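Only one structure is covered here, and it is reproduced in the block below.
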Amino acid sequence: MNSTGKLKRSLGLPQLVLFGITYMTVVTVFTTYGYVSQVSDSRLPLAYLVTTVAMIFTALSYGAMARRYPVAGSSYTYAQQAFGGGAGFLTGWATLLDYLFLPLINFMLLGAYLNAVIPQVPFWVFTLVAIALVFTLNVLGITMINKVNVLIIALGAILSLVFIVLSFNTYLKATNAPALFEPFTVGDAGWQGVFGGAAILALSFLGFDAVSTLSEETRDARRNIPRAIVLTTLVGGLLFTLISWAGSLAVQPDWDGMSTEELDTASAFLMQSVGGELLLNFFIAVYVAGCIGSGLAGQVGVSRILFSMGRDGILPSALGKVWERRGTPVIATAAVSVFTLLGIFLPLSLVINVISFGALAAFTMVNLSVIRTFALRQNSEVRDFKSALRYVVFPLIGTIFTFWLWTSLTQQTLIVGLLWLLGGFVILLIVTRGFKRRVPTMDLSEKTAADAAGPSTEHIDLLGADYPFRDGKY
């Protein structure tokens, strides 16, 4: 046994990319399939291409920051390091929006798909049962076994491969099929529809930076981690594009004529169209299992975040209470479960948009953090054309792309998101007593990847042991 506590550096670039793509999960493409197809006028593959290009520049920014802070990092810590605690806190607050809504979307989809199979039972019954089950498991301290999660991910990959093959087979046999590259042309909705769809698809890329948590197990981490982040984004984006392209060629329903319920479960219609009842049942089994696993993991993550913030006085102290018998944050977990009940009342489209709001806000801050960290300080690292591209031009393009996509979200989404940020600012005012106290931040110098227990960089930053105050200004 290694007594120094150091992890063996055995991972190379291929293993890192495989981990990153696995963490993103390719079946995410089916979550927003119907809704984005409607918004983009059946140009889902083109929307994915646009999002992929935007995310490549953002991935370059994540890579640059990971090179500067090779231990671990996320939008929260990068913004805090670049702009101070205030910006870091609000970026983390935007990220918290994603954490709260991600379990919600899983329960909503679970209810929708099971209702499609058993229409006699209302969707909200399935949703309530799932929420109660996950709450009970979390309070008891029972979590999904990693091997089960790996199995679900593997089955999802098999499902995606089978779907691609059957979709192209359906396309080749069709008599009135569209042109091969028609899904990559602009439809009647114009570029506005494409960008509107691309903005929503930002949620598909959540977690692409998770490879940075493996820094201590990676050979030449300063070089391989940034490369893996970019390659994970590129390969993942191309896989999303390929799956949506295959589906768009095989099945062309009237998306505008579909009801909200039909759009929510559009992927079930796709599966049945190209693979019959067998593929449909396989899809629903894998997808529902994945929703339970993701909902369980998501609720664990966000309940621990609320627990930390309650313990440190950022949110009400009751959230920081622990059930001594089980050692679990029962009040924080209950608060998350109550929040997920919104899934019974909110449309899936709004929840999807709100998640993308938080993601795009965080991505924009990472791009800006690169410019601030490398180009706008006294020890600027912009010394030649290559460094100017890396630290100014590319992150500026990434900022423009992500901000443009951010503004392409629906007006209702922007109102909800901005109200959320306003709430975070009010909390910041209260905690700092009008900015007379230091802002609670994460001190990177006291954290290592080995200290963290979460599967992603967001967990490392937001689920740390403390929210220590930094010396100096916020």
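Glycine is treated like the rest: Cβ placed from N, Cα and C.
As annotated by TrEMBL, transmembrane segment applies to 12-34 (among others).
Looking at the domain 'Amino acid permease/ SLC12A' (29-418) alone, the prediction's average pLDDT is 86. Here TrEMBL flags 29-418 as domain 'Amino acid permease/ SLC12A'.
Residues or ranges marked as transmembrane segment by TrEMBL: 46-65 (among others). Long-range contacts of the transmembrane segment (46-65) within its own chain (CB-CB distance under 8 A, at least 6 residues past either end) are made by residues 29, 36, 40, 73, 78, 183-186, 194-195, 197-199, 201-202, 204-205, 208-209, 212, 225-227, 229-230, 232-234, 237-238, 240-241, 244, 363, 366-367, 369-370, 373-374, 390-391, 394-395, 397-398, 401-402, 405.
Marked as transmembrane segment by TrEMBL: 86-109 (among others).
Positions annotated as transmembrane segment by TrEMBL: 121-141 (among others). Within the chain, the transmembrane segment (121-141) has long-range Cβ neighbours (under 8 A, six or more residues past its boundaries) at 103, 107-108, 110-112, 114-115, 291-292, 295-296, 299-300, 303, 323, 326-328, 330, 333-334, 337, 340-341, 343-344.
TrEMBL lists 148-169 (among others) with the feature transmembrane segment.
Outside the transmembrane segment (189-208) by six or more residues, the chain places 20, 23-24, 28-29, 31-32, 35-37, 39-41, 43-44, 46-48, 50-51, 54-55, 59, 62, 98, 102, 229, 232-233, 236-237, 240, 352-353, 355-356, 359-360, 363, 402, 404-406, 408-410, 456 with a CB less than 8 A from a CB of the stretch. TrEMBL lists 189-208 (among others) with the feature transmembrane segment.
Sequence annotations record features per position, and here TrEMBL assigns transmembrane segment to 228-251 (among others).
What TrEMBL records for 279-307 (among others) is transmembrane segment.
Annotation comment: TrEMBL describes 328-348 (among others) as transmembrane segment.
The annotation transmembrane segment is assigned in TrEMBL to 354-376 (among others). Listed by sequence, the residues of this chain that lie at least six past the ends of the transmembrane segment (354-376) yet keep a Cβ under 8 A from its Cβ atoms are 55, 57-58, 61-62, 64-65, 68, 74-76, 78-79, 81-83, 87, 91, 94-98, 101-102, 105, 199-203, 205-206, 382, 387, 390-392, 395-396, 398-399, 402-403, 405-406, 409, 413-414, 416-417, 421.
The transmembrane segment feature in TrEMBL is assigned to 388-407 (among others). Tertiary proximity for the transmembrane segment (388-407) is limited to same-chain residues at least six positions away from its ends with a CB under 8 Å from its CB atoms, namely 51, 53-54, 57-58, 60-61, 64, 195, 198-199, 202, 357, 360-361, 363-364, 367-368, 370-371, 374-375, 381-382, 414.
Annotation source TrEMBL lists transmembrane segment at 413-432 (among others).
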### Task
Mind checking which residues of the chain, 6+ beyond the ends of the transmembrane segment (148-169), have their Cβ under 8 Å from one of its Cβ atoms?
22, 25-27, 29, 239, 242-243, 246-247, 249-251, 270-271, 274-275, 279, 282-283, 286, 289-290, 293, 297
### Message
If we skip the immediate neighbours and take only residues 6+ beyond the ends of the transmembrane segment (279-307), which ones have a Cβ under 8 Å from one of its Cβ atoms?
### Response
25, 27, 30, 96, 99-100, 102-103, 106-107, 109-110, 113-114, 116-117, 130, 133-135, 137-138, 143-144, 148-149, 152, 155-156, 159, 162-163, 166, 267-268, 271-272, 315, 319-320, 322, 329, 332-333, 335-337, 340, 454-455, 458-459, 462-463
### Chain residues in Cβ proximity to the transmembrane segment (228-251) (below 8 Å; excluding those fewer than six residues from its ends, i.e. six or more beyond)
13, 16-17, 20-21, 24, 26, 28-29, 33, 37, 42, 44-45, 48-49, 51-52, 55-56, 58-60, 62-63, 66, 160, 163-164, 166-168, 170-171, 174, 177-178, 180, 183-184, 201, 204-205, 208-209, 211-212, 269-270, 273-274
## Note on the structure
Sequence-distant residues near the transmembrane segment (12-34) by C-beta distance (under 8 Å, 6 or more away from its ends) are 44, 48, 105, 109, 153, 156-157, 159-160, 200-201, 203-208, 210-211, 214, 218-219, 224-225, 227-229, 231-232, 235-236, 239-240, 243-244, 247, 255, 258, 262-267, 269-270, 283, 286-287, 290, 352, 455-456
